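Pulled from TrEMBL, these are the features on record:
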{"type": "TRANSMEM", "residues": "50-71", "note": "transmembrane segment"}
{"type": "TRANSMEM", "residues": "112-131", "note": "transmembrane segment"}
{"type": "TRANSMEM", "residues": "137-157", "note": "transmembrane segment"}
{"type": "TRANSMEM", "residues": "169-189", "note": "transmembrane segment"}
{"type": "TRANSMEM", "residues": "209-229", "note": "transmembrane segment"}
{"type": "TRANSMEM", "residues": "295-314", "note": "transmembrane segment"}
{"type": "TRANSMEM", "residues": "335-355", "note": "transmembrane segment"}
{"type": "TRANSMEM", "residues": "361-387", "note": "transmembrane segment"}
{"type": "TRANSMEM", "residues": "394-414", "note": "transmembrane segment"}
{"type": "TRANSMEM", "residues": "426-445", "note": "transmembrane segment"}
{"type": "REGION", "residues": "492-518", "note": "region 'Disordered'"}
Amino acid sequence: MEAKPAAMEVEGVEAAGGKPRFRMPVDSDLKATEFWLFSFARPHMASFHMAWFSFFCCFVSTFAAPPLLPLIRDTLGLTATDIGNAGIASVSGAVFARLAMGTACDLVGPRLASATLILLTTPAVYCSSIIQSPSAYLLVRFFTGISLASFVSAQFWMSSMFSAPKVGLANGVAGGWGNLGGGAVQLIMPLVYEAIHKIGSTPFTAWRIAFFIPGLMQTFSAIAVLAFGQDMPGGNYGKLHKSGDIHKDSFVNVLRHALTNYRGWILALTYGYCFGVELAVDNVIHQYFYDRFDVNLHTAGLIAASFGMANIVSRPGGGLMSDWLSSRYGMRGRLWGLWVVQTIGGVLCVVLGVVDYSFAASVAVMLLFSFFVQAACGLTFGIVPFVSRRSLGLISGMTGGGGNVGAVLTQYIFFHGTKYSTDTGIKYMGIMIIACTLPIMLIYFPQWGGMLVGPRKGATAEEYYGQEWSEHEREKGFNAASVRFAENSVREGGRSASAGQSRHTVPVDASPAPVVGV
C-alpha cells in the first residue's frame, strides 16, 4: 500500500490544483500537530499568541490593585473586611462570565467572544483611577475581574487549533503565559507608580494615573484579537457556518450535553483548588510578606511577582507533562499525573503556612508550591479537551468557572476578615487542596479507562463522542468533526492502542481549500 504523507508540509509548496498549504504540519482535522513557540504562522500560531496575550492583559488589569494596596488602603480608608470583600469580588465576577464565555465560543467562536468581553470590561479598568470610596473599589474590582473569562476562549481556541498530541502543551503555554500577568503586574504597577511619582505627582494622584497602563494594554489586546485572530484552522465561524463545514448548534443542546457529563463537574471542582488557589494567593501574598516580615513595598512586590512569574514554565510544564504521560500511558497517565502533582501542591501549601517563622523558608516553599499548583492547572487542561466535543466551550467554561468558585470560597473562608491569620489560612487551604483532588479518581472514559480501572472492552472514542448526537444528526453528518477528533485521539488509549501511528496522528490526503490569512 502506498504510504500517505504524514502531514501537510510548508506553505509555498503547491498541492494539487495549486492550492496553498498551511505553514505547519496538520492532521485530517486541519489541527497543527507541532507547536512552534516562536512562530507567528497563521492561523495556528497567530491565534495562539493572540490568545495568551489577551488573557495576560486581562490578568494584569484584574490584579493591578493588590501591588498598590497599601497606598489605596490609606487613601480610601479600607478596612481588612473591605479588602477581603474586594478580593472576593475580583474573582467572583468571572464565575458566570466563564460559563457564558464557554457557550459563546461554542456558538459564535472564540475570536468574537473574546474581543467583545475584553472591550466590555475595559471601562472598569479606567474607572479605577477615579474611585473615592470602599464600595467603588469593590465594584471596579468586580467588573474588571469579569475579564478573566477570556481564559475560557484561550483554552477553547487552543483546543480547536492543535491536535491531541500537542493540545496539552498548547493549552498549558497559553494559560501559563496568560497567568503570567498575575506575576508581572506585581512588578509593573509599583514601577509605573514610582515613575509617575518621581515626575512630580503626589502619591494620591500617582496610583490613580498608573491604572491607565493596564487599561491601554487591555484595549490594544482586544483590537489585536479581532485583527489577527481566526476561530478555526478553516476560517472564522461565520464563514464556516455558511459553507456548512461546521454545524450551527443550539444553546439547548450545548448546555444539555455539558451539564450531563459528570467529568466536567469533577474537573470544575479540582480546578477550583489549583487555579482557584492561585487566584487567592495573588490577592493576599503581597500584603502577607509586607505585613508578616516587614519588608518594603518593592521587595514584597518582587516576592509576590515570583509566584505568578513561575507560570512562564510551570503551567506549560504541566501541559507538556500531560502530553508526555499520554504518549506512554494514554488518558490514564494524564489523570494520574494531575492527581499526583496537585496533591503535592497541597502538601507544600500546608508547609508554607507552617514555616511562617522564617522569611527564607517561606520564600523557598512558596516558589515550590507555585510550580506544582500551576503545573496542575496545565495538567487539568490536558484532559478537558477530551471530555466533550459538542460542548467543548461550555465544559471549558465550567472548569474555568470552577477555578473562580474555588477562589471565592477560599478567599471567603480563610482570608476574609480576622477569623484566621494569613499563615493559618494558607495551611488550611493546603488541606482543602488535598481533599478536593481525590475525586479525580472517579473520572472514567469507557474507551480509555480511569486511574484505577482500565478501558471497557470494545468501547471506542467514536461511540463516546457519537452519544452527543442523535441518529438523525449523525445521518446528516453534523458529527463529522467529532469523528475526526476521535480518529486523531487514538494515542489516548496508551502505547498499545497507538502502535504504528504517525506522530502527526491521522495523516491527510490533500491540502485544504485556501484559507484567508494563511
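Each position is counted from 1, following the chain as shown.
Any Cβ shown, glycine's included, is placed from N, Cα and C.
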Is it the case that the transmembrane segment (361-387) and the transmembrane segment (169-189) have 3 or more CB pairs under 8 Å, with pairs at least 6 apart in sequence?
-> yes
Under 8 Å Cβ-Cβ from the transmembrane segment (209-229), and at least six residues away from its ends along the same chain, one finds 42, 46-47, 49-51, 53-54, 56-58, 60-61, 64, 68, 110-112, 114-115, 118-119, 121-122, 125-126, 128-129, 147, 157, 185, 188-189, 192-193, 196, 201
Distal contacts, the transmembrane segment (295-314) - CB-CB under 8 A, six or more residues away | 63, 66-67, 70, 176-177, 179-187, 189-190, 278, 281-282, 285-287, 289, 359, 363, 366-367, 370-372, 374-375, 378
Who are the long-range neighbours of the transmembrane segment (335-355) in its own chain, taking Cβ under 8 Å and residues 6 or more past its ends?
-> 270, 273-274, 277, 318, 321-322, 325, 329, 361-362, 365-366, 368-369, 372-373, 375-376, 379-380, 382-383, 423-434, 437-438, 440-441, 443, 450-451
Could you tell me whether the transmembrane segment (169-189) and the transmembrane segment (394-414) have 3+ CB pairs under 8 A, leaving out pairs under 6 positions apart?
-> no
Check the transmembrane segment (169-189) against each of 50-71, 137-157, 426-445 and return whichever range has the most CB pairs under 8 Å.
-> 50-71
Folded-back contacts onto the transmembrane segment (50-71), same chain, C-beta under 8 angstroms, at least six residues removed = 78, 83, 86-87, 90, 110, 114-115, 118, 121-122, 125, 128, 137, 141, 144-145, 147-148, 150-151, 153-154, 157-158, 173-175, 177-182, 184-186, 188-190, 193, 203, 207, 210-211, 214-215, 217-218, 220-222, 224-225, 228-229, 282-283, 286-287, 290, 297, 301, 304, 308
